[in-house]
Each structure stands twice: as structure tokens, then as C-alpha cells.
Amino acid sequence: MSRGLDEGLISTTVAQNSFISEFDLNAHYLTSSERANRLSNITSMVHIGSIPGALFAFVLCEKIGLLWSMRQLCLLWLAGVIIVITSTGNLGQLYAGRFVMGLGIGQAGVVAPTYLAEIAPAHARGMLVSMFAMSEYVGIMIGYFSAWGASLHIPNTTARQWIIPQSIQIIVAGLLILSSFLCEESPRFLGKTGHWEKANLALGSLWGLPADNPEVVTEIQGMQIQLSTDYAPSMSGSWLKTVKELLTVRDNQRRILFVISSQVLAQWSGANSLTTYAPELFSLFGIGGQSEKLFVTAVFGAVKFIASLLCAVFLIDNFGRKRSLLSGIALQQVSMLYIAIFLTVRSALSADESGSMKRAAIASIVFIYIVGIGWAMGWNSIQYLINAEIFPLQVRSAGSSLLMTFHYVNRYGLSKAVPSMLLENALQPKGTFWFFSAMTFFGLLWTGLLLPETAGQTLEETNTLFS
């Protein structure tokens, strides 16, 4: 939820007049490219912080466990938010606060999916990890609607219009810290550190079964077999040996290439940029006025949330990973292609304000919503799930950290690039959506040719797909 809250809040915050005036985003001395650069710096600073955060998460998960890792990342997130809301027009402090937020948010993308994958039974693992992906949309929706509500009820002449919505993150982070004390540590982490009796009790508690239940015993035995046979030589080593094993073992190298290629295709398909810059992008299709843009953006968040919920509950385990991703990317492909064609035709008929053109613009807004549905069905769930499923236990945290590092590198690149891509002396809106359409097509090919089906298999079984 941390990343979703930030995305929902920052995408709407930078469109609010109170924030724009406080940080001189429309200053007369800024050229269009300088304004785009300042805007992208503000939105992307969290992604810059997320890169070292994701790398650091692996070391913490190995040393202090997944639960304590979650608690400290929430504290970093809290500290960053406080720095941001007290910046009072200081652009440098705003950058610093968002960087610190990124240190915490970047770890969340490693810790949460790994924890959920490690505690879940095979038949429900897809649903639980997809619920984490869905929580991003809960955050986005809360961020969108809180900013919209603030724009209606708080004057745009006061900084409270953007500070109050941003402060919601303090409440959420605090609740996460408190609720973590009601959770059990990952049984697989306890097993790796030699506490097999605690691992057995923890797994039984998490599954709501006695510790001597055959299902619990079988799962624990599977963990013990994998650790004692395949990865025993590195058990006594340092985290540096774990990194070496991740980077030098041929099977792990194949896994790394696989997940990196998935991140490049997922992030540059453009769906995340629609979330980050939603108010500005909706203005391309005739949505004017601050409240109107924020309301349409809030509805966009609600659509993505509902789609991700339905996907988590009904699709990801029953329909399978591969078919869910193919269906989601296909929806994105059709939608991006329509929007690209519309923007191309409209640029050639710039003076045409006919009824048919207005209806085509409305259809483009609908297709943006469909992009959100496709993303929720496909890449947004799969990118976390496959990552958590394909790495062996001994290098799972390291593999997740490496993947999420590439994830945030690509997200930073995209959030930094899109404002410049949209400029008239660059790709322009039409060229930007043609680019996104091409990337979704390559994603379809990648999924059809390379993605294995892991639904219904234990974590130990999914590892054999790359052995």
C-alpha cells in the first residue's frame, strides 16, 4: 500500500494549485522543458530512493527477518513523509523527504511479496501475493479521492490542501507497525536460521492447523530437504556468499535474466505512467478544471482496485498465471493502440471539434480505464508473484532485492522520461502512446514464449522450472 499511496497522492498533488504555487512549478522563468524536468524530479525522487532501499532489504531480511524488516521500513517511510509535509516551499527538503520515503517504500516491494509467498499454502499463494498487488490500488484510490476531496473543501491558497492528504501516510504506516506484532515470522526464515521447532509452530499458526498436522509437517519437510541438499554449502556463509551464489550459479543467472526482462517490458508498457501523471494525461482528452481532472483520476483508481480484487480472488490461481497475463496485456495492447490512433488523427485534424471527435475523445478515456484493468489483471500481479515463486529459498531475498532494484530503476526512468516524451519537440502524446503500444506487443510475445505456469505448485516445485 505504501507505493500506491505515494503514487495516488503525488500524481494529484503536483496538479493542485496550492502545491504548484508553493514550489514554483509554473514560474514564468521556467521553460516547458525545465518545468517538465522539475515535475519529473519531484515524482521520481521516491524511485531513486527505492533503488538502494530494495538492495538494502535483502541484507535486512537475512539478518533480522521479514517482520522486523517491515517495521523499520515503515519507520523510514514515516520519517520521509514528515520531512515532506514540513518542507514549506523548500524544494531541496521536498526532494530529500521523498528520497527517504523511497528508502522505505523500496524495501516494501521486496519484504511483503516474499513474506506472503513464504507463508501461503500452494493453492492460495497466487491470491495472497495478488492481494499485495491489490493493496497498491487501495493506496492509489485513497490518495486520489483524498486529494479530490481536499480540492473541493480546502482553498487552493493554503498548503493544507496538499499537506492533509499527504499526512494519511503517517496513519497507515503507524497501523502497519502496530499490526505487525500480531503476525508470525516467516517459517522459511526461521528454518534457514536453524529454528525448525519455531518454524513448525509458526506455520501451523499461520495456516490455522496443529503443528503436527500432515500438511504442515509435509511443508516443513520440503523446506528441510531443499536446504539440506541443494544449498547446504552456503548455509554457514555470509550474505556476500549468498550474493555470489545468486550471480554465479547458471540456473540463477537464467532466473535473473527472466525477471529483468519481465520488468523492462512491464514498466515500459506505460500503465504506471498513466497512474503517475493521470490528471495531466486526462487533460489530453478534453477534461478541464482541477476538480474534474482529480475526480476522473479518482474513478480511474477505483476501476483499477476493483479489477485487481477480481483478479486476485477469481483469476490468478484458477485461470493461471500465464493466461491471466496474456489477457491483461491484450487489453492493454488494444487500448494503447486506440489511444495512439486517436491522438494521431486528432493532431492531423487539429481544428476539428466535431461531435464525432468529442465522442472519440470520450472513448479514449474509457480505454485508459481499460488499460488500468489490463494492468491489474496482468503485469501488476504477475511481476511480484513470479519473482517470489522462481527463486530458491537460500537466494530468494537476494533475488527479490535484485529484481526490485531493476523494477525501481525502470520506474524511475519511466517517470523521469514521460513528461519530456510528451513535449511537442519530442515524441509528443501520439508518439508516446505508439511507443507504449509497441512495448505491450513485445510483452505479449514474451509471455506466450517464455512464461511458465506455476499455479498450484509449492515454492520448492516452482524452482525446478529453471533448473
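Here the Cβ of each residue, glycine as well, is placed from N, Cα and C on the backbone.
On the 0 to 100 pLDDT scale, the domain 'Major facilitator superfamily (MFS) profile' (1-455) averages 88 in this prediction. Summarising the annotation, TrEMBL assigns domain 'Major facilitator superfamily (MFS) profile' to 1-455.
The transmembrane segment annotation in TrEMBL covers 42-61 (among others).
Look at TrEMBL and you will find 73-89 (among others) tagged as transmembrane segment.
As annotated by TrEMBL, transmembrane segment applies to 95-116 (among others). Long-range neighbours of the transmembrane segment (95-116) within the same chain, counting only residues 6 or more positions beyond its ends whose Cβ lies under 8 Å from a Cβ of the stretch, are 2-3, 6, 10, 41-42, 45-54, 56-58, 60-61, 66-67, 69-70, 73-85, 87, 125, 128-129, 131-132, 186, 384-385, 387-388, 396-397, 400-401, 404, 407-408.
Per TrEMBL, the feature transmembrane segment maps to 128-150 (among others). Taking Cβ pairs closer than 8 Å, the transmembrane segment (128-150) reaches residues 1-13, 16, 112-113, 116-117, 119-120, 160-162, 164-165, 168, 172, 275, 278, 291, 294-295, 297-298, 300-302, 304-305, 308-309, 311-312, 316, 376, 380-381, 384-385, 388 in its own chain, all 6 or more past its ends.
Look at TrEMBL and you will find 162-183 (among others) tagged as transmembrane segment.
If you look up TrEMBL, you'll see 294-316 (among others) marked as transmembrane segment.
Same-chain neighbours of the transmembrane segment (328-349): 269-271, 284, 311, 357, 360-361, 363-364, 367-368, 370-371, 373-379, 428-430, 433-434, 436-437, 440-441, 443-444, 447, counting only residues six or more beyond its ends whose CB sits under 8 Å from a CB of the stretch. Feature annotation from TrEMBL assigns transmembrane segment to 328-349 (among others).
Same-chain neighbours of the transmembrane segment (361-378): 133-134, 137, 269-272, 274-275, 281-282, 284-287, 296, 299-300, 303-305, 307-308, 311, 315, 324-332, 334-336, 338-339, 342-343, 346, counting only residues six or more beyond its ends whose CB sits under 8 Å from a CB of the stretch. The transmembrane segment feature in TrEMBL is assigned to 361-378 (among others).
TrEMBL lists 431-451 (among others) with the feature transmembrane segment. Long-range contacts of the transmembrane segment (431-451) within the same chain, counting only residues at least 6 positions beyond its ends with a Cβ under 8 Å from a Cβ of the stretch, are 258, 261-262, 265-266, 268-270, 273, 321-322, 325-326, 329-330, 332-333, 336-337, 339-340, 343-344, 379, 382, 386, 418, 421-422.
Counted as Cβ pairs under 8 Å, contacts with the transmembrane segment (73-89) are highest for 162-183 among 42-61, 162-183, 294-316.
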